[in-house]
Amino acid sequence: MAAQTILFDFTLDAGKTATSIQRQEVARIVRNELEHVFTQLELAYSMESMDNGYFSVLHENKETIITCRIFQQGLLTINVEYYLAAGKEPILSFDTGKRLEKALAKSLQALSGQKIPTLKRGDVARYYPSADERIIEYDIDTLVYEARSPFQKIQIMHSKTLGNMLILDELQNIAESDLIYTETLMGRGVENYEGKEICILGGGDGALLYELLKENPKHVIMLEIDELVMQACNKYLNTICGDVLEKRKTEQYEIIVGDCVDYMKKFIAEGRKFDYVFGDLTDIPISDTPIGECWDFIRTIFEHSFQLLKPDGKYLTHGNGTSCLESLQLFEDQLRLLKPKVKFTTTKAFVPSFMEEWLFYQVTFA
């Protein structure tokens, strides 16, 4: 047992921390990034001093304590402390800590970077990153829905041209305009789903399930971990998911709420096989090397998916933006390492709400 302490420190442009208003903006950015990791974060105390800068104490469930201090001279320190009982996994792993540090550095660097012209402020967020981390401005006019599940921050935003959009952890996922995304993922007009057994990993927005059911499959099973995402999409995105999220089990399909890896292991033990497995989960990470929790998760999904596929089965998944060449190459390298060996093809589509071209993969046994 031990007290775990993780310290982050950054040097900022002193001209960006000189005033109380500037320090408050830095504090807002810091809290926003921390909430991606500590989803139940609350502010317990804050103090502003002209001489010493800004100081705050935040906590998650009164167990993890985070102190943030912003010096007017341009220094920033963030200290995370919690008690780690014997045999327990750290709340903040090395990989998660490095990702948090990178995200903080990037967001804070933007304070000193080039200004975006005519940046429109308001109550509704309008700016989201592209796949290769460029800033895109949307014509969002309304926050339709917002909540936090145990897994992520969930928002439904309304765009004047794209319709309602699903935003997860402040990343655009799908909009009412994005039928092309779902049709390209499933290879409509190319793949034959009639009479086939299908497993969807993720897919909480319901769009893929809704479109697959139009193809008269034998049965579809969907494994989605976040109940709140499905509730939000059922209410505010039913133009893309119809009523499939209202009923969790019919003769044609079954939706199981839970960790897909656990259920995949169960299906493997039972000897269950599918004609198609869809990976409608996390995007390919933007990284220089295929290491870390996200890459480990991708490799686990690969391993289990191909154990679930019939010999002539196919694994279909989205990749990332076609501009993310290094990450796509890393993804393909992981596919080439699989045993038994696999082969793959790709297709491209411009996705309206992503405002960029994306790559999709079709993988079979070699």
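Backbone N, Cα and C define each Cβ position, glycine as well.
These figures come from a predicted structure and were not determined experimentally.
According to TrEMBL:
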{"type": "DOMAIN", "residues": "125-366", "note": "domain 'PABS'"}
{"type": "ACT_SITE", "residues": "ASP280", "note": "active site, proton acceptor"}
On the domain 'PABS' (125-366), the mean of the pLDDT values is 94
Counting every protein chain shown, other Cβ atoms within 10 Å of the Cβ of ASP280 (active site, proton acceptor) number 24
